[in-house]
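Remarks on the structure that follows.
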Amino acid sequence: MDCRTKANPDRTFDLVLKVKCHASENEDPVVLWKFPEDFGDQEILQSVPKFCFPFDVERVSQNQVGQHFTFVLTDIESKQRFGFCRLTSGGTICLCILSYLPWFEVYYKLLNTLADYLAKELENDLNETLRSLYNHPVPKANTPVNLSVNQEIFIACEQVLKDQPALVPHSYFIAPDVTGLPTIPESRNLTEYFVAVDVNNMLQLYASMLHERRIVIISSKLSTLTACIHGSAALLYPMYWQHIYIPVLPPHLLDYCCAPMPYLIGIHSSLIERVKNKSLEDVVMLNVDTNTLESPFSDLNNLPSDVVSALKNKLKKQSTATGDGVARAFLRAQAALFGSYRDALRYKPGEPITFCEESFVKHRSSVMKQFLETAINLQLFKQFIDGRLAKLNAGRGFSDVFEEEITSGGFCGGNPRSYQQWVHTVKKGGALFNTAMTKATPAVRTAYKFAKNHAKLGLKEVKSKLKHKENEEDYGTCSSSVQYTPVYKLHNEKGGNSEKRKLAQARLKRPLKSLDGALYDDEDDDDIERASKLSSEDGEEASAYLYESDDSVETRVKTPYSGEMDLLGEILDTLSTHSSDQGKLAAAKSLDFFRSMDDIDYKPTNKSNAPSENNLAFLCGGSGDQAEWNLGQDDSALHGKHLPPSPRKRVSSSGLTDSLFILKEENSNKHLGADNVSDPTSGLDFQLTSPEVSQTDKGKTEKRETLSQISDDLLIPGLGRHSSTFVPWEKEGKEAKETSEDIGLLHEVVSLCHMTSDFQQSLNISDKNTNGNQT
């Protein structure tokens, strides 16, 4: 029970009694009058009159006349039913209203009206007023209610009363909002409690209630006594006292003080001698008349000192004495002590939300941890958590001043905005959890799988480097022969090497894609269409996420490099790859990697070579047969030498690098001759005559595409680009444009090769003629 009051009572009150007390305690009180007259619950009719005179009637004085007090009965559902009483006629007559509504001020005022009717002997008016209120629906909070003699009850705002003076009622009240914080002086209970008890005793009583002790409060004034009980219990909000709760104990129930379980009981001072004769042990006793508190425990010292000092300073301020200052000061203390319960809520798909006690207790200071270890065993805290979980699992959610105080005070470790969104979606039936767990976008799932595989591969890379370092120390191996495991691999390495070789051979035997976009293999066409669909569904989130880690990838794959750059040697190494010695091949998990990262390339290369960023960029922007040929292959290394850093980091010299790459490549391929180069006018479907020539022409095309991609990389990569820009296997309209660009590049390369060959032949002829002349 997170709340002891009934949520939706059927009516404003259940019973009204007029009870007379005899001069002798041995005689039971007698019911003189009741409303409604047909009320038939005999148990209530027998027990309520005994609560109407909770004192020693033989010793009571005349000063009890006109006092209001409230007792509480608990029904079979553990809900509290309040008995609002007013003593009249020298304390021998008591008017009592029984209701589930904790409207203290309203019913105290109504009791005064009823006492006035009885004093004037206006029984007809009394019955008419009660009948109207009894049959009227329960008014909503903050709604004005007007009681008029000989008229039905009507609900109206203050403006209506001003416009129609004839409707001025005999009694008027506003239905209180019991969900808000009590205020001073509007709340009679809190006002009397704050005035009667000093701050130190309030703190001691608060600490004892948090430890669920057996507590007795004593006073000679019934109104002050019950006000202190109700007021102190209200300061536990959002928690409620879960044990024996008797605001004022009648003489026939004094044995309850000997109960072994926790209780909160108010006793009139005329009965205190009888209580002390029962030899009470481990009882916290507060005497309101003398403002003293006796306790065998040091409960206040068990609370965190910072929480206690802040609460004490707040209560001593003059500004706290009015409004909700007192209630809010205790609410803030409750939030500081228990507000971190949010961080201990746990949810698993298909299971109800639960509360983890271990997570709630850990990571706190020693004093706070010690208190929370005790608090998790308290009934008031357990019922509070059960109530919160019940609302969450029912999809209702909750939002009250306690949750607002936690958020504003920062008493939980989570993000307040995420918590508010969480509660908001829980009100809709837990849609956020279902969406997050079962309807995640492909980009989110891809990022999750990538991060998981990346972590595993990172560990393997560290192990590989450590093993290589040991081998270098033992055998003196050259650093250029190190085989580095690529950081980004889109294949599953659990498969065997034989399976990967089969896949590599299958790719090498695959027919080339013609420049007009037609594929010769139906299976490849199906695979590409499925891959393109996946890539378009993933969206741009994964691209942005993966691009953030691009620099870290470059750092991890960077190999030691010393000496001057040998661009010609590097280009020759790039062109000297052999189809018989391919790297590990596998299908890519997501095509977002090709769209979002410039440094990832799946190119068939030698195992013994180190990765280079110059040959990593061209696949992302390439198209045609080369991009199709290299799909899904491993870029683990280029053998021999290490290539220079990424061209993207040398913006100022990019133009010089372009021309240098082209000249070096042309010079390195002079020995092939003009006969090995396809005629640029021979059409689009030209054929490569030998593996070496194929590698040469392919290298030229690759280099040209790489240089084109470098210029794109100088812009902000991965931002503002269309998703299809980096997909080399897209067909239809866009491929025609890309094909024309490739044709232009091929024409330039082939023409340049022809010019170089002709120039070389002319040089050879001139050299021969010169030698002949000299001879």
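Even glycines carry a Cβ here, placed using N, Cα and C.
According to Swiss-Prot, of the residues Ser187, Ser580, Ser652, Ser708, Ser652 is the one noted as phosphoserine. Motif 'Clathrin box' is the annotation Swiss-Prot gives to one range among 26-35, 446-455, 566-575, and that range is 566-575. Of the given residue ranges 368-372, 398-402, 618-622, 658-662, Swiss-Prot assigns the label motif 'FXDXF motif' to 398-402. The stretch that Swiss-Prot tags with region 'Disordered', taken from the ranges 595-614, 635-654, is 635-654.
For the domain 'dDENN' (318-395), the model's pLDDT averages out at 90.
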